[in-house]
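Asks: Here's a structure for you.
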Amino acid sequence: MSEMTPREIVHELDRHIIGQADAKRAVAVALRNRWRRMQLDEEMRHEVTPKNILMIGPTGVGKTEIARRLAKLANAPFIKVEATKFTEVGYVGKEVDSIIRDLTDAAIKLVRETEMEKMKYRAEEAAEERILDALLPNPRNSWGEEEKADNSNTRQIFRKKLREGQLDDKEIELELAASPMGVEIMTPPGMEEMANQLQGLFQNLGQNQKKKRKIKVKEAMKALIEEEAARLVNPEELKQKAIAAVENNGIVFLDEIDKICKRGESSGPDVSREGVQRDLLPLVEGCTVNTKHGMVKTDHILFVASGAFQIAKPSDLIPELQGRLPIRVELTALTTDDFERILTEPNASLTDQYQALMATEGVKIEFTKDGIRRLAEAAWQVNERTENIGARRLHTVMERLMEDISYDASEKSGETFVIDTDYVNAHLGKLIEDEDLSRFIL
């Protein structure tokens, strides 16, 4: 798992997300506490439970983006799920236990990649030998049996050529593991686990089958390295490591949790609201979930929930669930200054993306400082007049601004366009002043 300090985590998040310092600090401390817990002795480690987080803030301010970036930094089993996908046990729809099953699958993939990377050197050696065997087959006697030949010098010459890439385009015939059977099983909602088990059964049927293929040396090397690395990894040990990683370092990001709040005016059973909250309680508190890889305890899995809470309030969550989300972080609405920074500061910002896209057509785009400021003001004004969708509004406004250039770019190779205040006003001014802003409403 990640050994980054909270300050380093916040610094990394700052490269992609503007503002929201409180939320960044909260997730950074939570992530670091995962590492701190693993340094304790076993008895104390068992007692230290994660402090789950509830992020509250309007749409488009960075809640989901924090989760996306955190997933890359965590280097631990991580899954992001929408709370609205689940229903109460006994009704049609996904059950909340599938969260832990999906998290375990993610851990298996993560651990397998890590283990295969460790075995890469040995796998490369084995793959190299198999390719040399295909390039320099042993002669056969009159009975069709292979005879060992002393071709060590020739083998060394070919090994040197292989490592230098001189044989990359040469075609050889190899026995490679057959691709797993692609079986798509349709099951009623809520029975995904049965579908997964049946798919695993069909895939195992053809697991040890070999197939002769003609393939170029470069492609053969990649395929053989993967095959040899997979052979060197112990599947049982891999499962144990993955389950341990889930239980100790697993992180679940539960988005749109405000959508499963029971609203006061509603009547009748809310199978996808309060029932889901009740089903989430044991997961968040700590229980044991049966997965196809083994039993998984959820006592030390970190849950980060988020929601806009525009209609519902955090207090509309059932009290037991509120108590299991002790750390509350409020994200603030974005201002014009924030929009201006979003357009220029993050890695691969919107302006950088459009410049790179147009450069493929030979068109140069230059954004002036006053042009970016006017664009930020335009997005903020539209948000104020209609529905406030936060930074997502920049995509809509930017696409409208660049519409003409994008359409004509292929005929205007070599030209330069300067996006300044006048250009923004000319393309967006009337629409911003007009009360009918349907073009901007997503």
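Backbone N, Cα and C define each Cβ position, glycine as well.
The model shown is predicted, which means the values in this text are computed figures rather than measured ones.
Here's the feature list from Swiss-Prot:
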- Ile18, Gly60, Val61, Gly62, Lys63, Thr64, Glu65, Asp255, Glu320, Arg392: ATP binding site (BINDING)
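On this model, are these features tucked inside or out on the surface, and what's nearby?
Replies: Val61 (ATP binding site) has a Cβ environment of 26 other Cβ atoms inside 10 Å.
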Asks: Sort out for me which one of Glu65, Glu320 has the most neighbouring CB atoms within 10 A, since those are the binding-site residues we care about.
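Replies: The residue with the most neighbouring Cβ atoms within 10 Å is Glu65.
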Asks: Looking at the binding-site residues Ile18, Lys63, which one has the fewest other Cβ atoms within 10 Å of its own Cβ?
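Replies: Selected from the binding-site residues Ile18, Lys63 on minimum Cβ neighbours within 10 Å: Ile18.
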Asks: If the ATP binders are Ile18, Gly60, Val61, Gly62, Lys63, Thr64, Glu65, Asp255, Glu320, Arg392 per the record, what's the largest distance between their Cα atoms, in Å?
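Replies: Spelled out: the longest distance between any two Cα atoms in Ile18, Gly60, Val61, Gly62, Lys63, Thr64, Glu65, Asp255, Glu320, Arg392 is 34 Å.
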